[in-house]
Amino acid sequence: MVDVNAFIDEAVNRIREQVKDGKALIALSGGVDSSVCAILAHRAIGDKLVPVYVDTGLMRKGETDRIRELFSFMNPRIVDASDQFFGALKGVTDPEMKRKVVGENFIRVFEVVAKSLDVDYLIQGTIYPDRIESEGGIKSHHNVGGLPSVIDFKGIIEPIEDLYKDEVREVARALELPEEVAERMPFPGPGLSVRVIGEVTREKVEVIREANAIVEEEIVHKFKPWQCLAALLEKGTGVKGDNRCHGWIVAVRAVESRDAMTANHMELPWETLNKLSSRITSEIPSVARVVYDITPKPPATIEFE
Ligand code: XMP
């Protein structure tokens, strides 16, 4: 990016001009993209910004409480919609359908809030690679391709739609967002639903939420990956105590990347891999096996779905 401060001034002005005397809703997720958009929009329109955080039940461990704390100065509305999301995802196994279901339900929740508050615009943290992959038909990112066609807003505003992730982080630092937000790993809009192969249930999400927390604890600070995660595969046979069991197989992935368009797996030390396998299988009793993914993107994607 040539001049980050010029970008910020321009983005703030554009939001102010678009929203005018209206109100705008921001879908706050706590990730760097939506956080940057929220700060830009807050600068532009102050109290006319309505930040909404939807607790889908698909977020990482502790995320909802952290967001409540971090953005308290904006007075975010926290909507518990986990029943709605798990209900809508029941029986859905196709990855693209999951994205559509999650995307649609997000919008439905926002619409209800928007109507009750007389909100005109929706601000979204779509970035350039999201657009390219959606337009190319590679994957329908829930915040682009998953949008239902009839939306009750006067318009959608996407202030960072032309930026790559590292540029968004540059803007975040210039906006003095805390490091934990500015340097936060990407996390997909459909949340843990795309880290569970097949049907999404509360039980599976609980398992993978714990596994993701362990993976982040062991990898993020020490190795600074572009992204690291755990995904829930199938069940396989294991032995726990004196008994054979049918336990979950958890895949661990840690990658380096510049823009998420391509990625390479990290060559983590065996010591770390051993620790991950031992912690995940002992701290999550229903897991019997841990595997490490060594596939680059392409041909694999970063997420498992
Ligand atoms: P993939 O798995 O396609 O992911 O290599 C590339 C980057 O995008 C994130 N990702 C998503 N982000 N909605 C999002 O907002 C989505 O549906 C979605 N799917 C993947 C992924 O975590 C990675 O950073």
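Just so you know, glycine gets a Cβ as well, placed from its N, Cα and C.
Among the features that TrEMBL reports, domain 'GMPS ATP-PPase' is placed at 2-184.
Mapped onto three states, the DSSP output places Ser29 (ATP binding site) in coil. A C-beta separation below 8 Å, combined with a sequence spacing of at least six in one chain, links Ser29 (ATP binding site) to Tyr53, Ile67, Gly125, Phe187, Gly189. Among the features that TrEMBL reports, ATP binding site is placed at Ser29, Gly30, Gly31, Val32, Asp33, Ser34, Ser35.
Other than the site residues Ser29, Gly30, Gly31, Val32, Asp33, Ser34, Ser35, same-chain residues with C-beta atoms no more than 8 angstroms from the centre of those residues' C-beta atoms, the ATP site, are Leu28, Val36, Cys37, Ala38, Gly125, Val181, Arg184. Each residue in the domain 'GMPS ATP-PPase' (2-184) has a pLDDT score, and their mean in this model is 88. Shown in sequence order, Tyr53, Glu63, Arg66, Ile67, Leu70, Phe71, Val181, Arg184 are the residues of the chain, 6+ apart in sequence, with a C-beta less than 8 angstroms from the C-beta of Gly30 (ATP binding site).
Long-range Cβ contacts of Ser35 (ATP binding site) within its own chain (separation 6+, distance under 8 Å): Leu28, Phe71, Gly125, Ala172, Leu177, Val181. Taking Cβ-Cβ distances under 8 Å and a sequence gap of 6 or more within the same chain, the neighbours of Gly31 (ATP binding site) are Gly125, Arg184, Pro186, Phe187.
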